[in-house]
Amino acid sequence: MPLTKYKAACVTSEPCWFDLEAGVQKTINFINEAGAAGCKLIAFPEVWIPGYPYWMWKINYQQSLPMLKSYRENSLPMDSEEFRRIRRAARDNQIYVSLGFSEIDHATLYLAQALIGPTGEVINHRRKIKPTHVEKLVYGDGAGDTFKSVTQTELGRLGQLNCWENMNPFLKALNVSEGEQIHIAAWPVYPGKETLKYPDPATNVADPASDLVTPAYAIETGTWTLAPFQRLSVEGLKKTTPEGVEPETDPSTYNGHARIYKPDGTLVCKPDKDFDGLLFVDIDLNECHLAKALADFSGHYMRPDLIRLLVDTRRKELITEADTNGGIATYTTRERLGLNIPLDAQAPKQKATAADVPSSSVM
């Protein structure tokens, strides 16, 4: 039986730009803080490690190359000791971790999410199915075996999506069909509406993401919805601006956009613009019942005889090999990355390399 009542944490903080080691340690520090606070779940923003490359929206390809090189060098491989350290932190704190990160696999980057369980097991590994607009200059597409989201856990049926995936009606339909109860709507760093210039659509700033898309997801699916967001400082603006370009001086428009919503879309909490740390929420899964009793789009309020969604979870390979029986040999991304192997079987347990540094928190 899943727990029906527990505490969860939602991260709203500035990433460690272009610094994999510092980003891993800051992640572990937040996991430790959430664990010490009695949380059963902590949710991180989209590509929290090593930060969202928002510079790609503001400069041209040639200007971006030095930062792109550094970004790739500081992205996180899943079969690395850095990732195993994060898994150990989840195990040490007996906590579920929804981690957004720039995953490097061979020579391609992916907007990845991993759901790590309290034993350190990687329960779900997914990649954003389609990078948004200029994100295609940095990241590749997810595959059939890396896009499903909802997983049965002792905390209930938990799902996670990245950024504009949270307004994709087909992904929402897939998640709701699997009985999702808790949702991580992970967002990157985004400017606010005061920066909007016609004819750029309002969709392209943070306010609709926080105050329209995310509560709509909660209402349409009847889920507790946590929306972790990244932040920016003056120093962060300098680090994410290429040489020869004058950096912005006021980071406030990028901050204060994290949210937590109940299954009926009611706002639970949001941070002040100057807050950097963890938002806490007491989740009660029983509150999903009445929301879903009104509108359950996977059950009484849907007509699958009229409307159905085709889902293909097969991985399509560029090269396939024949197996010994004359068929086609297949494998999953999960198997290739060794995520099906228990944590202690992959590498000997090592101590963390930096001391725990507490972070700010808010209820």
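Here the Cβ of each residue, glycine as well, is placed from N, Cα and C on the backbone.
Cβ neighbours of E46 (active site, proton acceptor) (same chain, under 8 Å, six or more residues apart in sequence): Y52, G100, L111, Q113, N162, C163, A186, W187, P188, Q230. E46 (active site, proton acceptor) falls within neither a helix nor a strand when secondary structure is assigned with DSSP, and so counts as coil. Residues or ranges marked as active site, proton acceptor by Swiss-Prot on the basis of sequence analysis: E46.
DSSP gives K128 (active site) a coil state; it is part of no helix or strand. As annotated by Swiss-Prot, active site applies to K128.
If you draw a 10 Å sphere around the CB of C163 (active site, nucleophile), it holds 24 other CB atoms from the protein chains shown. Annotation source Swiss-Prot lists active site, nucleophile at C163.
Looking just at the domain 'CN hydrolase' (6-285), the mean pLDDT is 97. Feature annotation from Swiss-Prot assigns domain 'CN hydrolase' to 6-285.
Note: K128 (active site) has non-local neighbours Y110, L111, A112, Y139, D141, G142, N162, C163, E165, i.e. same-chain residues 6+ apart with C-beta under 8 A of its own C-beta.
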